[in-house]
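**Q** Residues or ranges marked as divalent metal cation binding site in TrEMBL: E134, D165, Q191, E239. Per TrEMBL, the feature domain 'VOC' maps to 428-571. The annotation Mg(2+) binding site is assigned in TrEMBL to H431, H503, E579.
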Amino acid sequence: MRRSIATVSLSGSLADKLTAIGGAGFDGVEIFENDLLVSGLSPEDVRRRAADLGLAIELYQPFRDFEAVPPDVLADGLRRAEHKFAVMERLGATRMLVCSSVSPAAIDDDALAAGQLRLLAERAAEHGIRIAYEALAWGRHVSDYFHAWKIVRMADHPNLGLCLDSFHILARDVDPYAIRTIPGDKIFFLQLADAPALPMDVLHWSRHYRCFPGQGDLDVAGLVAEVLRTGYDGPLSLEVFNDIFRQAASMRTAQDAMRSLIALEEQVGVRAGASVTGLTSPPPPVVPSGFAFAELAAPTGALGGLLDALGFVRVGTHAGKPVELWQQGTARVLVNSGSAESPDGPALGAIGLESPDPAASVKRAEALLSPVLPRMRGPHDAPLDAVAAPDGTEVFFCRTARPDHPSWTDDFSENRRSADAAAGEITHIDHVALTQPWHHFDEASLFYRSVLGLRPHESLELPDPYGLMRSRAVSTEDGAVRVALNVAYVGAHDGSHDLAWQHVAFASRDIVATARRFRASGAEMLSIPANYYDDLEARYDLGAERRRLLRELNLLYDRDGQGEFLHFYTETTGRVFLEIVQRVGDYRGYGAVNAPVRLAAQHARPRRGSG
Ligand SMILES: O=C(O)c1ccc(O)c(O)c1
Ligand SMILES: [Mg+2]
């Protein structure tokens, strides 16, 4: 399929946008009129640049408020159209988008709309231009594709067809099923956007919150499958209005857009089956089966006390690098004192995921445009297959201590028998939480969904003392790999309240024992205010003894239909803190209800290790 994107989706000048779009490997572009109007480039310049970048100008848009008007208003519409046709001829564009009218002057009369659109199509035909009529979800009289199709059919002109836009259809919950009744050659253009489920006015939702397919909650793949079954052979074109994308670096957004289209085509292939050909099919996702390790960049000794207090054992030292391996159960922590130290102190630099096939995991990531990391290793080291996540976190694909594959652990000389690491209550890494830069949150969620095949959970908004935090978890179906993505809302903090923290959560089979051991060794946990425990009494009837224990050990508590969740936090060192959790029964969450208490307690404490 040809791939295209609207210039409105990216930040910067028209020249910047074209460069980014060409650089990301798109075949075509929709020129948004406003981008041209404010540009110093003439239409001829734009035409030349696009050609140099290998981009076809697929569409010129939008032309507004044309149809179903009184005769004097119609005359003005036709005059405006002639002017646009002239610009399009200079651009070398042959398709113009007309959106359904939002004007109070428009009359609710389909025959009138059809007659006037026919007139417009006749004029367009004289310039070799075709008109793609799009129902805006908030159009005054025409707001769904089937109504637009009725009018296009009535108008019956070869230069008039439809533009379908996934947002306008799916945001209003209009069933895309009936698309199959439209002949493919009457669908002149297909625009694609996803959006997070947000209960708000559809115009506001569309203009500010659209995102790339796979980043939101709409079934864009199902809609595209319907459209391709009609025989539609035009481009798949992304049209995303998003306040954040319009501020982020255009090159990166264009790459993210391309990743979204590759993942989308794959999904459409699955949905449409053999009836549709010409779709990309990247190597299938290799779903990870657990965490192999978390790597913390920290000076030697900075974290030893903390890990020791939790019952971790230093089991090995890397043969060629200043890296210590700490272990308890199958929870492994690498403490790397060799990586360039971050100015903020200790930080989570990498995660290792257990993969059934590390080389295949990398191939998948590469096909979805993730940067593969160079293998900086000695001649005898185990292979390191790793890619960079959007926030720079390195993601390693491992097979730990399996007979069929060299293990990264072989690079560590043994300090202590790893059997010693089985003595404590901690069994494995439960999840990692990664705070994302605000302008890369959607990109990150698409990365974890598409590259690693993780399933997204619902988006949450959590109150922080200085604003709201958005949080979304992604996980494997069985919960063996869980990643919580957090982001501070734009403007939520002024730099002195740095929220760019990461944390690693370990699962304990007996959190009370872990907490007692931690305390006994003189380490300090995050202190939770008494008010929390008073309120907990109101929420749950836990019994006096249990309440006393929670209070004494600074344990937080949550419960869902499937089970219970107990957790506590260490103090923050640099950019990281640790969490200990115990899941009782089949509890699926992350204790999000307790996040406000945790965030407030963290803000109230000075942090160690960051000056
Ligand atoms: O928000 C708008 O006005 C608008 C314009 C053109 C489109 O294709 C669209 O989907 C929305
Ligand atoms: Mg549109």
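Using N, Cα and C of the backbone, Cβ positions are placed for all residues, glycine too.
Where the annotation comes from TrEMBL, it is an automatic prediction and has not been curated.
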**Q** Could you list the residues of the same chain, at least six apart in sequence, whose Cβ is under 8 A from the Cβ of E134 (divalent metal cation binding site)?
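**A** Non-local contacts for E134 (divalent metal cation binding site): P62, L97, V98, C99, S100, A148, L162, C163, L164, D165, H168, Q191.
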**Q** For the recorded Mg(2+) site, whose residues are H431, H503, E579, find every other residue on that chain with a C-beta no more than 8 angstroms from the centre of their C-beta atoms, and list them by sequence position.
**A** D430, V432, A433, A484, V504, A505, F506, L578, V581, Y590
**Q** Summarise the model's confidence over the domain 'VOC' (428-571) as a mean pLDDT value.
**A** 90
**Q** Check the binding-site residues D165, H431, E579 for any whose Cβ is under 6 angstroms from an atom of ligand 1, and report them in sequence order.
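**A** By the Cβ criterion, which requires under 6 Å to ligand 1, the hits are D165.
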**Q** Kindly point out which of the binding-site residues H431, H503, E579 have a C-beta less than 6 Å from some atom of ligand 2.
**A** none
**Q** So if I measure Cβ to Cβ from E239 (divalent metal cation binding site) and keep only same-chain residues at least 6 apart in sequence, which ones fall under 8 Å?
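**A** In sequence order, the residues whose Cβ lies under 8 Å from that of E239 (divalent metal cation binding site) (at least 6 apart) are I5, A6, V8, S9, E30, D165, F167, Q191, L192, A193, R210.
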**Q** If you take the centroid of the Cβ atoms of E134, D165, Q191, E239, the listed divalent metal cation site, which other residues of that chain have their Cβ within 8 Å of it?
**A** L97, C163, L164, S166, F167, H168, F189, L190, L192, A193, S237
**Q** Select the most exposed residue of D165, E579, where exposure means the fewest other Cβ atoms within 10 Å, treating these as the binding-site residues.
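**A** Per-residue Cβ counts within 10 Å for the binding-site residues D165, E579 bottom out at E579.
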**Q** Within the domain 'VOC' (428-571), count helix residues (DSSP H, G, I), strand residues (E, B) and coil residues, in that order.
**A** 43 helix, 54 strand, 47 coil
**Q** Tally every other Cβ atom lying within 10 Å of the Cβ atom of Q191 (divalent metal cation binding site).
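**A** I count 25 other Cβ atoms within 10 Å of it.
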**Q** Do any residues at least six apart in sequence from H431 (Mg(2+) binding site), in the same chain, have a Cβ closer than 8 Å to its Cβ, and if so which, in order?
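**A** Correct list: A473, S475, R482, V483, A484, A505, V581, Y590.
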**Q** According to DSSP, which kind of secondary structure is D165 (divalent metal cation binding site) found in, if we only use helix, strand and coil?
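**A** DSSP assigns D165 (divalent metal cation binding site) to strand.
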